Amino acid sequence: MTATKGLEGIVATTSSISSIVDGVLTYRGIDIDDLAENATFEEVIYLLWFGKLPTGAELEKLQSDLNAASTIPAEVINQMKLFPKDVNSMAALRTAVSALALYDAEANDMSQEANVRKAIKLQAQIPAIVAAFARIREGKEPLASPGYSSVAANFLFQLTGKEPDKIAIEALDKALVLHADHELNASTFAARVTVATLTDIYSGITSAIGTLKGPLHGGANEAVMAMLEEIGTIENVVPYINGKLERKDKIMGFGHRVYKGGDPRAKHLQKMSLELGKLTGNLKWYEMSIKTEELVTGLKGLKPNVDFYSASVYTTLEIPRDLFTPIFAISRTSGWTAHILEQYENNRLIRPRAEYTGPVNQKYVPISER
Ligand code: ACO
């Protein structure tokens, strides 16, 4: 038995949800470029869950189901009020989502219908939790969903208490489309491994959130912004990046396990970063990002991934830095739940082997002789 480090190149399951072939990402066979230009996030949720684009009536039903399911149980809000105010927002989300299961009477109902209902609740309540925690830590009361027809618009309202403008809604909606699913990424794999024991969907999503939090996965978007803020000025990009590369530090937002020729999602976020920069009259973060890309790609051949330009996009939308990864979670909930439903439909316990590298032929030594 020989282990493959990081399971690189290992095909661990079959799936009909999303694919990456020759650097092209598709959801249910539709190219991400097509979806990024034309689809709303709610259409993508439907596509991922049910395998086809919704009709107008199906889309309306999904939007109204999401709105009807968006109220966070009062007990969970009360628990969130007890969280330390300075706690990591992904840790807060992970704990609150785990708590949701305690107040859902059908948490352990394993029927397909109940699991779809729980997927709707999770997709509706996760954005509400992210916004609620952001308000609670500032001493403000969480806001109920205004019941708009889009997850992006509801979230922006629940976060700020103000009616969001059209540009912000469209930008966030596109970011949600781009992050919705990504084949067997680490957090989706974690979700599938968890539910393959036939535990409940809340356990699967809790595992996934904990996995997404790490800086080698979803946490990279916050690390990118921290880096840009540390660089501070466009003049400082060259010495800063050169210094990092000389020390063999990783540059956050670059590289990818699967895409070696470039992440197809990055160009959409780059374009959005430029457009939003022009609209707000603040191109600083975009220009620093472009300079960083020129340098890292030129010197190391590494291309930006989905996290790199999402950092400047969210910053230009005035979203606090530590909500970037929770926003990724809001989007990826659609993919995680689609994969969980698919895993339940054709389940087998996921239990690989390990190549043992420890000592052999050892004997127990009584404690008095050690
Ligand atoms: N900066 C500098 N060097 C890098 C980077 C980077 N961002 N990414 C890879 N490398 C180098 C490694 O140092 C290594 O060099 P070596 O062979 O000389 O030791 C080589 O490229 C291979 O890197 P690995 O880390 O082994 O590649 P792996 O496929 O395991 O990792 C990963 C992929 C984790 C995304 C990596 O590129 C990375 O750490 N990037 C920065 C974090 C990041 O942006 N994560 C978000 C990924 S997208 C997502 O999850 C949504």
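Just so it is clear, glycine is given a Cβ too, placed from its N, Cα and C backbone atoms.
Annotation comment: TrEMBL describes His256, Asp307 as active site.
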Message: Between His256 (active site) and Asp307 (active site), how many Å separate their Cα atoms?
response: 11
- request: List the same-chain residues at least 6 positions away in sequence whose Cβ sits under 8 Å from the Cβ of Asp307 (active site), in sequence order, or say none.
  value: Gly218, Ala220, Asn221, Val224, Met252, Gly253
Task: Would you mind checking how many other C-beta atoms are within 10 angstroms of the C-beta on His256 (active site)?
output: 18
